[in-house]
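Taken verbatim from Swiss-Prot:
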BINDING   P245, L246, T247, Q300, K372, H403, N451, G452, D453, A475, R476  FMN binding site
COMPBIAS  42-63  compositional bias 'Basic and acidic residues'
COMPBIAS  72-84  compositional bias 'Basic and acidic residues'
REGION    27-88  region 'Disordered'
ZN_FING   81-112  zinc finger
ZN_FING   125-150  zinc finger
Amino acid sequence: MTTETEKRALEDDTVESKRIKYDKGIAPIKPEFIVENPSVPADDRYVNDDDAEAGDRNGEEKGKKKKRGQNKKRDMRQQHEEVRLCSSLLDPSNPGTCRFGPEHCRSTHDVTTYLAAKAPDIDGVCPVFKSIGYCPAGLKCRWLNSHYEDGKLKRDQSQIDAYASSGQGEVNKISTEAKLALQKKKYLFEVSDNVIKYLDSQVQSDENIAKREEAKENNASYVEAPFKIAEKKKLDLRGAKIVSPLTTVGNLPYRRLMKTLGADVTYSEMALSLPLLQATNSEWALPKAHSSEYPGFGVQIATSKHWAAAKAAEVIYKETTHVSELNLNCGCPIDLLYRQGQGSALMEQPARLLRILKGMNASSGDIPVTVKIRTGTKDNKNTAKSLVERVLAENDVAAITLHGRSRQQRYTKDADWEYIKEVGAVVTEWNNKKEEDKESSETNRTNFVGNGDVFTHEDWYNAVNTEGVDSVMVARGALIKPWIFEEVEAQQYLDKSATERLDILRKFADFSLEHWGSDEYGVGLSRRFMCEFLSFTHRYIPVGILERLPPKINQRPPQWRGRNELETLLGSTDYKDWIKITEMFYGKTGDNFTFIPKHKSNAYESG
């Protein structure tokens, strides 16, 4: 006969056996979706946000080669067609002029030979032709049969007119004249030249002041700036849905996609000031934006010199038309930039940072200047608070963004939102003083934006409701889950089906072909950037297979299977599956396609 005590013990054992134990840092996936004896080690399956911030600018560390870790020296080149057609013959019915002449041109002028050697067309209608009514790639298009008939390229005039009237297209393209002037060092920097002279004198003055001890002498050495800063456009980021500047993955098609998914503010990939001033084509491709991004598009630059910052600010102001803010990167943690005194290294040189901001502010016309920083450069030594106090006192910045991690910490720990709150209080106090001061009350308030670990609508609202925080900048969360701002708007979790997620990728594919082109080279480039995108999106775990909410961005899952084959495919960590997904939009990979991801555990070379 079982006693009452024994019954209770049996009940306790039953409850204990049903209770699921969760390991810290492991995503709580329902048991029926967990794969037993996984083929892929958990260690190799996850990357961190450095990949988004560093992109392809990271430096290779000296020492022994490792089989794991980042592929920092990645070859990004994509091969062209074996038989190339001269660009003057893209439209044979309306040929252009070849500057080399048919006899000296390295590309063929024989259309028949080119078409015979060209790879088979991809099935379906050309996404670019469907969108804008014609295809700029002409005969080189991989979907040529959809808009080529009887030896002529088709044009849908009604679609061309509709696209033109919509005002869509890419903006912020530098003119050929300006580019040549920069390359020949004949560009007129009418504003920044005067600003630089003043800042140079301030550097000398600072060195002299450091040698003096009496405050009166210091005050006497102050020289009024010989220029007036232009009135800036108003920048109000309160409650704005902001996508962080992201290198490589933060390209134009991705940002355009995010605008369709609810983003209010986007930023260019980080551009280096010196290559901008040298008119490097690859660098000037970065400030380009889609018209849908403006207003709300910011250009981010990195620099270590005040003269380069001032000149870059002036040329961006003069040569672009759709820029809402100019952002200085003082948060990038990668070694290459840090060793050059750029990115987060500026936090260790406050005087230099302040000069750079002054130069940008004075040279950027009506474009407001903003800055992105970290808590500091070293663990357990936060310096952002004192730095922000100096920035507010000595510069009129429109916004300060604080990433709640140090450079040294990277992503080993959660973002420090308590410290973000502390710094936010400093900015709030400053704004309140400005409102009370009649002389400065007419100047725009300084926005304060937090950044770090926002992955759900709950994270977003918790952050925005933090005292002193105007809005939140989302980085990894917007890469892993591009519809995060739809969740913010709905204030609930959205369990997107695999088909819906595939539609998001399809939209990215269409945007990428419009941007990079539908020829062989453009398709290869688009495929590569979709693979980069998938290196983040595959990390999303559908909320419908989780035991409990909320999901955390730093949680690592055991290997899992989806609710259908497509969901499993979209969550695959295998690079071969990423390639398979791209083939749904860009056709089969050719022998000339290569993809080397950031992590050495995944690499692909066709053939």
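Glycine too: its Cβ is placed from the backbone N, Cα and C atoms.
Not measured: the values here are computed from a predicted model.
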Item to complete: Measure the Cβ-based neighbour count of D453 (FMN binding site), defined as the other Cβ atoms within 10 Å of its Cβ.
Response: 25
Fill in: Three-state secondary structure, which DSSP defines for N451 (FMN binding site)
strand
Worksheet, complete the sentence: DSSP puts the residues of the zinc finger (125-150) at 13 helix, 2 strand, 11 coil
Worksheet entry | Packing count at R476 (FMN binding site) (other Cβ atoms within 10 Å of its Cβ) | 25
Worksheet entry | Other C-beta atoms that fall within 10 angstroms of the C-beta of P245 (FMN binding site) | 28
Item to complete: Between any two of P245, L246, T247, Q300, K372, H403, N451, G452, D453, A475, R476, the residues recorded as binding FMN, what is the biggest Cα to Cα distance in Å?
Response: 21
Discussion item. What does the DSSP secondary structure composition of the zinc finger (81-112) look like, as residue counts for helix, strand and coil?
Written reply: 5 helix, 2 strand, 25 coil
Worksheet entry | Cβ packing number for K372 (FMN binding site), 10 Å threshold | 26
Worksheet entry | For the zinc finger (125-150), mean pLDDT (0 to 100) | 96
